[in-house]
Amino acid sequence: MEGSQGGGSEREKSNSSSSTTPVSAVATFWKDFKKASNEEKLVLFNSLLKGYQEEVDKLTKRAKFGENACLNIYQKLYEAPDPYPVLTSIAEDAKLSELESENRKMKVELEEFRTESTYLKNQQATIRRLEERTRQLEQQRTDVARSVTVSSRKCFH
């Protein structure tokens, strides 16, 4: 079926390009026929009828070729697998890839937060140690100031 259409396509191309010429030739012949006398019309009628019949035959061939081409395309499309599952799979793969990429970014961000959290915890521990040390030094200063005050009172009394 395909081979006959393939060979017919060249013929149909030439028919489609030449079909405009015979139509205008038939139209011109028809004008001449209408102008002709009745005796001439009898002689020209067969030629005119033959021209019309040839044009009808060419148009019929073109129509059949077009119908066969459409049928062939339809059959190919009908036999083709449904693209929906493949398209769905591609969409799911794209979504999965996007989610994996987002997951990787979130893991990096989580690790950065953990590092920052550890750093902040270390800072808090350092602050607590320094506050404790400051409190101890304040206590020592207070103790030293008391002992100096007590000692100086003893000395002056």
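Note: Cβ is positioned from N, Cα and C throughout, glycine not excepted.
TrEMBL entries are annotated by machine, without manual review.
In TrEMBL this protein carries:
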- 96-147: coiled coil (COILED)
- 18-93: domain 'Cux N-terminal' (DOMAIN)
- 1-23: region 'Disordered' (REGION)
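Averaged across the coiled coil (96-147), the predicted model reaches a pLDDT of 96. Across the domain 'Cux N-terminal' (18-93), the DSSP tally of helix, strand and coil residues reads 70 helix, 0 strand, 6 coil.
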